[in-house]
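Q: Just passing along the structure, written as structure tokens.
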Amino acid sequence: MGVEKVPKYDIPTKKVDYVFIELDKMKPHEQLVQKELEAFIESVTGSGIFWKPMLLAKVPGEDMYLIVDGHHRWAGLQKLGAKRAPSVILDYFSDDVKVYTWYPAFKGDLNEVVERLKKEGLEVIEDPEAEEKAERGEIAFALVGEKSFAIPGGLEEQKKVSKVLDEMSVEGKIELIYYGLKEDAREDMAKGEIDYVFIRKAPTKEEVMELVKRGEVYSPKTTRHVLPFNPDKIDVKLEELF
């Protein structure tokens, strides 16, 4: 899926109470990455222990929960036939819970990437104002490096970009890195460690909730949630989840 460059935050690890929530009461907001799903299933069946609780938030007006963190744990448990998972319920609209986005970047041949994007039916248009347009949510992505390109569209176009980058990374055609901060991507670009970065507008919490209410999902790694704490490890036997 690519390497993550996570900003350094001083977030405490905290022992928190968890409750068991039925898996069919949970709603995803992002597409899955097959490799991550397989890795979770291998890990949890190998150890027989579920150690990282789901992080959920109540969907307003519904008896359902938004998956804030834990998409692959949720899908993996479902695949194994489990019925529930230990979960920490967050106050999603609290100021302590932040939502940002990830910025996919690559080292590789720009022309090859552009060609693959166009094969997916995407437009890639040179545009010096692409970054500003992306930040305002007027286009799917800005592709920024030595030159600047606009990729028009919305959610569906973002999914196509994600698919192309994932495939090219698996094929070894590009080195794919996800940045939590644009500034870090620019620093690495100046050092020659990456060639281009894709920039998009981060979704708001309201947009995330509206999306799940419609039964839709973002492309993988669209949201980057930052919480006031990291939940401490738990020790729940896998067999207890069936």
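Using N, Cα and C of the backbone, Cβ positions are placed for all residues, glycine too.
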Q: Pick the one from Ser43, Ser94 that Swiss-Prot also lists for the ADP site with Ile49, Trp51, Lys52, Asp69, Gly70, His71, His72, Arg73.
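A: Site partner of Ile49, Trp51, Lys52, Asp69, Gly70, His71, His72, Arg73 for ADP, according to Swiss-Prot: Ser43.
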Q: Whole-number Å distance between the CA of Trp51 (ADP binding site) and the CA of Trp102 (O-phospho-L-serine binding site)?
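A: Approximately 25 Å lies between the Cα of Trp51 (ADP binding site) and that of Trp102 (O-phospho-L-serine binding site).
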Q: Between Ser43 (ADP binding site) and Lys221 (O-phospho-L-serine binding site), how many Å separate their Cα atoms?
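A: The separation of the Cα atoms works out to 21 Å.
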Q: Fewest other CB within 10 angstroms, which one of the binding-site residues His71, His72, Lys221, His225?
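A: Selected from the binding-site residues His71, His72, Lys221, His225 on minimum Cβ neighbours within 10 Å: His225.
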Q: Checking the spread of the ADP site as listed (Ser43, Ile49, Trp51, Lys52, Asp69, Gly70, His71, His72, Arg73): what is the longest Cα-Cα distance, in whole Å?
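A: Pairwise Cα check on Ser43, Ile49, Trp51, Lys52, Asp69, Gly70, His71, His72, Arg73 gives a maximum of 18 Å.
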Q: For the binding-site residues listed here (Ser43, Thr223), which one has the lowest count of neighbouring CB atoms within 10 Å of its own CB?
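A: Across Ser43, Thr223, these binding-site residues, the one with fewest Cβ atoms within 10 Å is Ser43.
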